[in-house]
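Over in TrEMBL, the protein carries these features:
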DOMAIN    45-499  domain 'Major facilitator superfamily (MFS) profile'
REGION    1-27  region 'Disordered'
TRANSMEM  43-66  transmembrane segment
TRANSMEM  81-99  transmembrane segment
TRANSMEM  111-137  transmembrane segment
TRANSMEM  143-163  transmembrane segment
TRANSMEM  175-196  transmembrane segment
TRANSMEM  202-221  transmembrane segment
TRANSMEM  272-297  transmembrane segment
TRANSMEM  317-339  transmembrane segment
TRANSMEM  384-403  transmembrane segment
TRANSMEM  409-430  transmembrane segment
TRANSMEM  451-471  transmembrane segment
TRANSMEM  477-498  transmembrane segment
Amino acid sequence: MDKRSEPVDCQAHDAEDDRHEKEADRSPAVEKPYSIYTAGEKWFIVTIAAFAALFSPFTANIYFPAIPTIAAAFHRSIEDINLTVTVYMVVQGVSPMFWGTLADRWGRRPMFLGCMLVLSVVCVGLALTPTSAFWLLMLLRCLQAAGSASTVALGAGVIADIAATHERGLYYGTWNIGPMVGPCIGPVLGGVLAQGLGWRSIFWFLAIASGVCFVTILLLMPETLRAFVGDGSVPPPRLYLPLIPVIGRSRQNVTPQDPSTRPAPRRFNNPFVLFLYPDITLLLLFNGIVYAVFYGVTTSISTLFKTTYPYLTETEIGLCFLAIGGGMLIGGVFTGRLVDKEYKRAKRQMLAAQEKETDPEKRLSPEDVTKEEHFPIERARLRLMPLYLGIFVVICIGYGWALDKKANIAAPLILQFVLGWVTVATMNITQTLVVDLAPGQSASVTACNNLVRCSLGAALVSVIDLILNALGAGWTYVLLAGICVLFSPIMVIMYHYGPRWRARRRARRQAREADRA
């Protein structure tokens, strides 16, 4: 059998990642870098991916301030209009499983273009929906979610394509600002548009913004899927080229007709199989719990602040969302750098330990230290998680009681800022680690992450008002923080058992390879 025709498996990607980790310690003349893109080009690609990923939560939350107005226009109850939010979140969780799997097989660029095109066209339809056709509003909201939600999975896949393991934390932290800030700025802009220009202006704005994103990707964004372009030096098929190919000018001259220069094509992988891996499933569950609590905080800001501080106008309440958004913005960049430093620190410790090893048979070369079978990636990523989770729990409780006791408005706003910071920190760590654990399926595993967290977030949002009415703000957030504490042993389990689970998967892969050979 021609081995080039076999699909690229996880171990091959691990080996490729590890081979290029030497980049941090050796001259580029000695070791070929993980990607041919310059630092500036990487940041440009990440910025476009973050802009596209912004639309998933932004499209959902910009709609919230206009719900009463839309209910009056369609002559429906608030509960009926809330159904359009529910169906949006359901499709938001499911659709990335489809788009993300296609992106791992057919490339990032065409899936990005497809998502943005669907979103832009559907938003035009929503802006023109007659108020007598409530069924059409429901249908188009589903299609809107199908177009916008999958950009999160696609963006995570792009970062895995262009960034080596030792630098992914920074890129993920910065990229994550897009999907995490969306819930904070969406209501502000939605309230301004709905109040000044009417509810239809919200959808016209989204149509224009997503159209701009579509054109930007069409003109400038290169294909990054490593199965097509390798480290970026292999020219992709003609249809995958940007109209203005200014990114990647430094790519090497590789003859595209030479089949030895092009990575082997991939087969379709069922993303639901990833849920059979206990370490990935536990990480997704933990990440989903934290996200659900965060989403519960953001969706209840308007209600709680209106009740606690009745002197605030709707515009001022909308501006209160900027506190938590600012914390996420700063925390994303800062935490990303910290995650990368922790990886490099773990690597230095292993190198130092190898220098002290007296048994030549047990001593590892510097090239072998970061290989999957030797490097404790779970410990490198999760070392700071107890600190961030502890701060998250304390701030969550403090935020609830500050509102319950009607403290000065500065208190909950400051706590919101810190909460946004530590939320991004926990998300960044878990997102980076799950991609490390599923190389070659970065978009698929991110789609699984989106499915879990959207499902848990939708469940909490559906009952958050009932809990607040029954317990009050103080005890509600004690309850939510307690849920996070209840699931915190997942990090201890990952720390100790994660390497064993990875070793078993590696052994199964090697057995399958031996059978194929």
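Placement of Cβ uses the backbone N, Cα and C atoms for every residue, glycine included.
TrEMBL: automatically predicted annotations, no manual curation.
Counting Cβ pairs closer than 8 Å to the transmembrane segment (202-221), the top stretch among 43-66, 111-137, 451-471, 477-498 is 111-137.
Within the chain carrying the transmembrane segment (143-163), a Cβ under 8 angstroms from the stretch's Cβ atoms is held by residues 34-35, 37, 42, 45-46, 49-50, 52-56, 58-60, 87-93, 95-96, 98-100, 103-104, 108, 111-112, 115-120, 122-123, 126, 171-172, 175, 178-179, 210, 224-226, 232, 431, 435, 439, 442-447, 450, 454, all 6 or more beyond its ends. Counting Cβ pairs under 8 Å that are 6 or more residues apart, the transmembrane segment (451-471) and the transmembrane segment (272-297) reach 3 or more and are in contact.
If you look at the transmembrane segment (111-137), the same-chain residues 6 or more away from its ends with a CB under 8 A from one of its CBs are 52, 55, 59, 70, 73-76, 80, 84, 99, 102-103, 143-144, 146-148, 150-151, 154, 200-201, 203-204, 206-207, 210-211, 213-214, 217-218, 221.
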